[in-house]
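Student: Heads up, here are the entries from TrEMBL:
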- 27-47: transmembrane segment (TRANSMEM)
- 72-107: region 'Disordered' (REGION)
- Glu242: active site, proton donor (ACT_SITE)
- Asp387: active site (ACT_SITE)
- Glu491: active site, proton donor (ACT_SITE)
- Glu510: active site (ACT_SITE)
- Thr596: Ca(2+) binding site (BINDING)
Amino acid sequence: RGGGRLGTRPALQNNARGGRATMQWRALVLGLVLLRLGLHAVLWLVFGLGPSMGFYQRFPLSFGFQRLRDPDGSGPVGPPGGPAWLHRPRRGTEGRLETPPEPGPTPGPGVCGPAHWGYALGGGGCGPDEYERRYSGAFPPQLRAQMRDLARGMFVFGYDNYMAHAFPQDELNPIYCRGRGPDRGDPSNLNINDVLGNYSLTLVDALDTLAIMGNSSEFQKAVKLVINTVSFDKDSTVQVFEATIRVLGSLLSAHRIITDSKQPFGDMTIEDYDNELLYMAHDLAVRLLPAFENTKTGIPYPRVNLKTGVPPDSNNETCTAGAGSLLVEFGILSRLLGDSTFEWVARRAVKALWNLRSNDTGLLGNVVNIQTGHWVGKQSGLGAGLDSFYEYLLKSYILFGEKEDLEMFNAAYQSIQSYLRRGREACNEGEGDPPLYVNVNMFSGQLMNTWIDSLQAFFPGLQVLIGDVEDAICLHAFYYAIWKRYGALPERYNWQLQAPDVLFYPLRPELVESTYLLYQATKNPFYLHVGMDILQSLEKYTKVKCGYATLHHVIDKSKEDRMESFFLSETCKYLYLLFDEENPVHKSGTRYMFTTEGHIISVDKRLRELPWKEFFSEDGERDQEEKFVHRPKSQELRVINSSSNCNRVPDERRYSLPLKSIYMRQIDQMVGLI
């Protein structure tokens, strides 16, 4: 006992000395923290570098968080202001935004904690060192090749398993390694039956991806399989839009690849090929034509039975994108065949929808009655129901050179900027929060809800095509911030509640597509890091026994047993092209454009010529005068020569800035999401 008591006294003395040292150390740390806060307070008072109180107000405030700089890195610009999400931006005398957007904002120095982007990057790092470590400098060639091979391997794994376990059915169930076709037992299961027509959908949809990846032997084998086994004489009721973009578009793309005299992807020719894919495309399109008959507006029915035509109980309501996004594929078919019918019916539908837009706002709704022209859905936005309508106004002009398509697109884009865009006018300067495109009432422009859907992530890519690159950078950052939070894009995200409204992710390609196009426009290596992040997330969360599965829940990562065809035709394709700088798409000298399903189409003179000499007018009569394709002047497409998704040479002086000075500025303003 005595030994024990004697032994405790030195220990107590040591503890006391340790306690005093600890208290001194804590006082020193506290003093440094107070000194830093005081310095930030001075900077805040002198330069107005205060925290945002808008979209991110529920998160810890970070002094210095919103400091912005000019694109050349010189000097701060105007301080941010209060919340601006619900305020419409001001318009100039011509209805356009008065201030052009600038490249995005800069990360604040010394910002730590949950409001810092480093937390989402894995490991809670903070400050500029974390950005430098993860994103600055060139993307090493070895890592780039590794990511390219990973993207190719992802496609091969999904494709090979489809061929082994699902072909000739339409889709692969990757968890149970089975095929999936139309739901014959439940005709009302439109989620399945709109897409699956019992025509080997996944194989058809993946044809041009095989070519782009340079796999000539498998491409030739797949084409022969399609020619020999696929028929459209089926008792399948499918959505006109889905059949057009997935099947018709792929057949036309593969046909163009086979018949291209330059053969940029390697020898993709087929021995004794006699335009079979073109004839199949014609056969399918003829079976879709009944959708355009017996409608008082010229807007097509949403669905047809491939054998019998429009079902007797067909719905008279259709979405704007479904009815108005057929012109690219139908126009290509008409110009290759010399038959104006297909382009004429598709163009008539576009014009009918366009003429129904609001006289006050210029906006369109998302659901219309094809007999009355009455807007059943009055929501106007950039997502489901409207997305590809805007996309195809521009892409139709790129392919065909018809001036009216460009005029419609420019008018639509002006209305979008005027009524859908919220936040400050410029991406990188001025008061308020960064821009966001919301859903509004088509007639009043008033906010209808506070969610966005994952399909809207295509829009930065479309902005790249018209040269609005700074705004594209800004908007892309918003969707990528959501991806960083969940490792996927939830189908709907409520930007006010900062939480998903609809939790599944079906392997959609839209964010990947915009990432790829932004990299092609800027050559900023950050987008390679984004692509790597997306690749790794897909590998980690969606890979299963026989392919890649839909995420049922982006938070708990539970899965659904479905791999949609667009995963191979778009998601894998864009990821592969992002990392394959030497791909013929980028190096062959041919200008290419991608359809809304990611099918590649070369832009050439033949598609800008009308092979017929007479053209149907809107009232159904034939014009007696020969109508020639309008030859656009370079300034008519407002910013760039957009007839290529990939080959435009970026302005190196403008986009060779350090990584943090462009993209990470915008990322830092999106950290409220995490």
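Note: Cβ is positioned from N, Cα and C throughout, glycine not excepted.
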Student: Any idea which of the active-site residues Glu242, Asp387, Glu510 has the thinnest Cβ neighbourhood at 10 Å?
Tutor: Glu242
Student: Sort out the sequence-distant neighbours of Thr596 (Ca(2+) binding site) for me: same chain, 6+ apart, CB within less than 8 Å of its CB, listed by position.
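Tutor: Within the chain, Thr596 (Ca(2+) binding site) has Cβ neighbours under 8 Å at Ile245, Ser325, Val328, Ser388, Glu391, Tyr392, Lys395.
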Student: Would you mind checking how many other C-beta atoms are within 10 angstroms of the C-beta on Glu491 (active site, proton donor)?
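Tutor: That number is 21.
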Student: Which one is it, among the active-site residues Glu242, Glu491, Glu510, that lies nearest to Asp387 (active site) by Cα separation?
Tutor: Glu510
